[in-house]
Structure formats: structure tokens, C-alpha cells
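Engineer: Feature table excerpt (TrEMBL):
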type     : residues                           : note
DOMAIN   : 15-302                             : domain 'DUS-like FMN-binding'
BINDING  : 17, 18, 19, 71, 140, 170, 225, 226 : FMN binding site
ACT_SITE : 101                                : active site, proton donor
């Protein structure tokens, strides 16, 4: 158990913030399966100040999702600080500043990982948000812009001096995006020198591995991203391979129902958004390929459910998978939707 600015966090693993993935429906499910708290998807501070309804809607949540961290991003100090007041009006527990998104249209304009090239500005943002809202402020960073600018120790020092309450570290540079492998030795080095809680992130494929990394590198908590998509069981001591098809199907239907309620305007819209989750739920289960194609092409919710219910599957499956460093980033799933 750790405390972040007066907010008590119980647990060891948490769902990493991911655009198009960590919305309220999936946060509810992962929280129930053991995620220590929840992050929203990252939200543009410019869009918040413009009153963009879609951006404001990304801050919708249920009380069962608490503790909840609102993640924001931006490149202009005044915009970020003023937008944080709008975010704070929705009563989050913590505000998190994204300093890790590697997508060019974000980072190359000074937001996300772009702040790694201007850590003094990032520090001013942390201090400004904290003073404006009175809330704990955290940050999610990478090791640096590229292998020639590994400034993670400087970044942590500046953020600590600005009053940051905790820092999550993705063990890659901006240039790496999601290629190669996360450097957990660097994450461990940060933890050994930091004065605030440090969360580690990168390449974790199971709950047991998260626990091993937590112990080996001394981090306070472990974030799990890509391997948590379609696999809420990763936040418990059960691997997906141990879960029978009946339970997987029940969670699929529950998740779809939550999305239908959360995105009520059009059923087909929620179903289309759900596809990226569905394909991961059935990964390595032996799900019939032809039926998968039919379901992914479906735009009718009732037909989708009927088809899924009719699938004949072995109650247990034993296939396992290795982590694949897909080019998944903070915008990929928005574009897929």
C-alpha cells in the first residue's frame, strides 16, 4: 500500500493509460479484476479549454473506478494549467501529466514525450496544476527523447522539485516508441534515487512477471499496457490460459454491454469500438477463424451476440503466446475505431 498526496493505493498492478482502450467500461472490468486504480485515456488540454464534448466525456467515470487518475497532455503552460481546473471540476483523485506519448503529431509539437526535451516546462506544468487544483499531480515519462539524450534522472529531479507526487516510467525512449525492449535497469536506477513513488512500465506479460519486476527493481507499482487488452485476468493471479471459454465469453458480453450503455447514441458505434477488444479476448483460444471474420464485420448487436453464443468451443484451451512488440501507440486504437 502506498499513499499519493493523501490518496491511498492498494495493489501492485494497474492498467496503463491507452487511448481507445482505458475508457470507463474497461476500467470498470480491470478494477474488479485487481487493477490498483484507474487512468483515463489522455485528453488534450486545448480541447478541454475549447469545451470539446468528446474530450469532456472521456472524464466520465463511476465511483467504483476510484482511485481515478485523469491524464492530460499539452505543450503550453497556461493552457495546461487552466485546463487542469476543468479536469479538477470532475472530481478526480489525481491529475497525471502525459510526458510519454511518442506519436509524432503529439510529441513533435511539444506535448507528450516532447516535454522530455523541455523538462523545465514540464516542471512548471506540474507546479501550476498542483497550485491551481490542490490535487496530487503525477507524471508518466520515458527514459528520454532518444538514446543520445537519456535524461531520465534530470527529468525526475526537476519533477520532484516541482512537487510531483509519483512518476510512472516507461522503460523506452521516444524514438523507440514500442520497438525493442524496455530497460528495467534504468527504471530500477530511477527508483533507487527517487524520493517519490515510482511505477514501472514496459513488456510485462503476466501478473507473476509484474511481481518479479516489482521485487527485483523495487518499484512501488507496475503498469501493464498491451498485454492487458482483452485480458483483465492479468491483474489477478490467474493467467488467461487458465480461464475457461465460458468465463471469457461472459466477460466479453459484460464488456460489450458496458460499452453499449456508455456509448448509447448508436449501438453499431459501440460495437465497432468494441472490435479491438474482442479480437484480443479471443486471441489464442482456438476461436473459429471464419466466425471471427463474421463477428468483426458485424454492425448489428443482436446478431453479434447470437453468433457469439452459438460458437462451439472447447471449455479449456492450452495455447500460450509470446509478447509481440506491435507498433501500438497512444493513438493507434483511436484510428482503428
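Using N, Cα and C of the backbone, Cβ positions are placed for all residues, glycine too.
For the listed features, I'd like the structural context: burial, neighbours, distances.
Structural biologist: Taking Cβ-Cβ distances under 8 Å and a sequence separation of 6 or more, the neighbours of residue 170 (FMN binding site) in its chain are 100, 140, 141, 142, 143, 182, 201, 202, 223.
Neighbour density for residue 101 (active site, proton donor): within 10 A of its CB lie 27 other CB atoms from the protein chains shown.
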Engineer: When DSSP states are folded down to helix, strand and coil, where does residue 140 (FMN binding site) land?
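Structural biologist: Once the DSSP labels are grouped into three classes, residue 140 (FMN binding site) ends up as strand.
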Engineer: Helix, strand or coil: which one is residue 18 (FMN binding site) in, per DSSP?
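Structural biologist: Coil, per DSSP.
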Engineer: Where does residue 226 (FMN binding site) sit in the DSSP three-state scheme?
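Structural biologist: SS state of residue 226 (FMN binding site) = helix.
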Engineer: From the Cα of residue 101 (active site, proton donor) across to the Cα of residue 19 (FMN binding site), what is the distance in angstrom?
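Structural biologist: If we compare the Cα positions of residue 19 (FMN binding site) and residue 101 (active site, proton donor), the gap is 10 Å.
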Engineer: Calculate the distance in Å between the alpha carbons (Cα) of residue 18 (FMN binding site) and residue 101 (active site, proton donor), and round it to a whole number.
Structural biologist: 10
Engineer: Can you tell which of 17, 225 has the most other C-beta atoms within 10 Å, given these are the binding-site residues?
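Structural biologist: Top count of Cβ atoms within 10 Å goes to 17.
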